[in-house]
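Below: the structure, in structure tokens.
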Amino acid sequence: MSAHSTPIPMIAHKSGPLAGVAEVPGDKSISHRALILGALSVGETHITGLLEGEDVIDTAKAMRAFGATVTRVAEGDWRVNGVGVGGFAEPTQVIDCGNSGTGVRLIMGAMATTPIAATFTGDASLNKRPMGRITDPLALFGARAVGRAGGRLPLTLVGAVDPVPVRYTLPMPSAQVKSAVLLAGLNAPGETVVIEPEPTRDHTERMLRGFGAEIDVTDSAEGRVITLKGQPDLTGQSVAVPRDPSSAAFPVCAAILVPGSEITVPGVSRNPTRDGLYITLIEMGADIAFENPRDEGGEPVADLRVKYSPALKGVTTPAERAASMIDEFPILSVVAAMAQGTTVMQGVKELRVKESDRIDAMARGLEACGVTLEETEDTLTIHGTGAVPGGAVCESRLDHRIAMSFLVLGLVADQPVAVDDGAPIATSFPVFEPLMAGLGARIERTAP
Ligand code: S3P
């Protein structure tokens, strides 16, 4: 998201039943990866269903700056003519990744083993986020980073001239760190090995294999061991991007909470490394059916049929599930507030370094709406009573998922719920407003 975009205050009112088909946009994680791997391949990559949110558009611009030809043919339909592994050119401009941690971290990995330099920056949110978790493993390949204190952006990365392969155990469950190391490993000779003690989303591994890399994944006592053979010839592919389960979460949770609702969300990814929210909602008593399960472009997908679910109950989400629902805790905390009983979210400290500190952002906004809760560094506990008073203006803190979560709360709270700025929603879900309005949700922009 542009650092200078004008705030868009928004408000959500109690709404009648939601009904219809919610065609949510393409998966953000897969969209970034399709552009980056397309740029690192020889020949043409054809992407359909690409998310045209600001985060992904920033990655498309970055791939052009590194020398790839990236063309929009029609809505969601993009072509990338890549430069091949090791073929990135040195950008002549600063790479602005806007709001996107995924974009900047994966791109830093992709260039770290090429002998070029690039300077990265982002918006006020991204420039606060930790980058040492990326630059530390990239230094093992021979890359050098100079950034602000604490490894913050803006940061210049100088790629390794003679990269060496790396064996790296992830110190935190992060698909971004794993992916940065694997993408760097592409242009290092020999085998790069990443060990993840806790599994995280595996789109990079799946897509690398699809583009022709030799990549082996085995389970061991240490965790998942991912071995990539360096310097492969990647060739352009067709990539059909499934709909984003993290975006689907907003209309799905809205339909569960708004009395009388019934919606369908077609073609949503059901990748097991992304499925934690859906497992949790079913444990809480949600009425969700997964219809027409099928495989699309190497990813499992299904059509979701979701009905209003009275009598939701509080649950505990165990720490080992956190990575598979890491982006869904803000909206889960809204569902938890509307359920009966206590929901405990365990092992969630990574939420503190997302687009905002999501534990603090949700806790302060929910408290302002009359919800009782407790937080520790690593947990969020919500005491649900089946109703939320609402009637507050919540801060979205440059965080799309915080803004959308509070707007969903406003559809069921006793009094309307407002957010100070809905502009960040465009980073991941640019059609959120018309899509929700089409289902019958009363969400409006208000005068600043
Ligand atoms: C993502 C990984 C997750 C997630 C982010 C997208 C990815 O971040 O929160 O929205 O596409 O790899 P972490 O790797 O920091 O957990």
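Don't overthink the numbers, they just go from 1 along the chain as shown.
Each residue, glycine too, has its Cβ placed from N, Cα and C.
Those TrEMBL annotations? Automatic predictions, nothing curated.
Under the heading domain 'Enolpyruvate transferase', TrEMBL lists 14-434.
Annotation comment: TrEMBL describes LYS28, GLY101, ARG129, GLN176, ARG358, ARG401 as phosphoenolpyruvate binding site. According to DSSP, ARG358 (phosphoenolpyruvate binding site) is assigned to a helical segment. Under 8 Å, Cβ to Cβ, and six or more positions away along its own chain, ARG358 (phosphoenolpyruvate binding site) finds PHE329, PRO330, LEU351, ARG352, ASP399, ARG401, ILE402.
The annotation 3-phosphoshikimate binding site is assigned in TrEMBL to LYS28, SER29, ARG33, SER174, GLN176, ASP327, LYS354. Cβ-based neighbour count (10 Å, all protein chains) for GLN176 (phosphoenolpyruvate binding site) stands at 23.
Mapped onto three states, the DSSP output places ASP327 (3-phosphoshikimate binding site) in coil. Here TrEMBL flags ASP327 as active site, proton acceptor.
The binding-site residues near ligand 1, defined by a Cβ under 6 Å from one of its atoms, are SER29, ASP327, chosen from SER29, ARG33, ARG129, ASP327, ARG358, ARG401. Neighbour counts were taken at the CB atom with a 10 A radius for the binding-site residues LYS28, ARG33, ARG401; the maximum falls on ARG401. For the pair GLY101 (phosphoenolpyruvate binding site) and ASP327 (3-phosphoshikimate binding site), the Cα-Cα distance reads 13 Å. A simple Cβ count within 10 Å picks out one of the binding-site residues SER29, SER174 as the most packed, and that one is SER29. Non-local contacts of ASP327 (3-phosphoshikimate binding site) by the CB criterion (under 8 A, 6+ apart in sequence, same chain) comprise SER246, ALA249, LYS354, ARG401.
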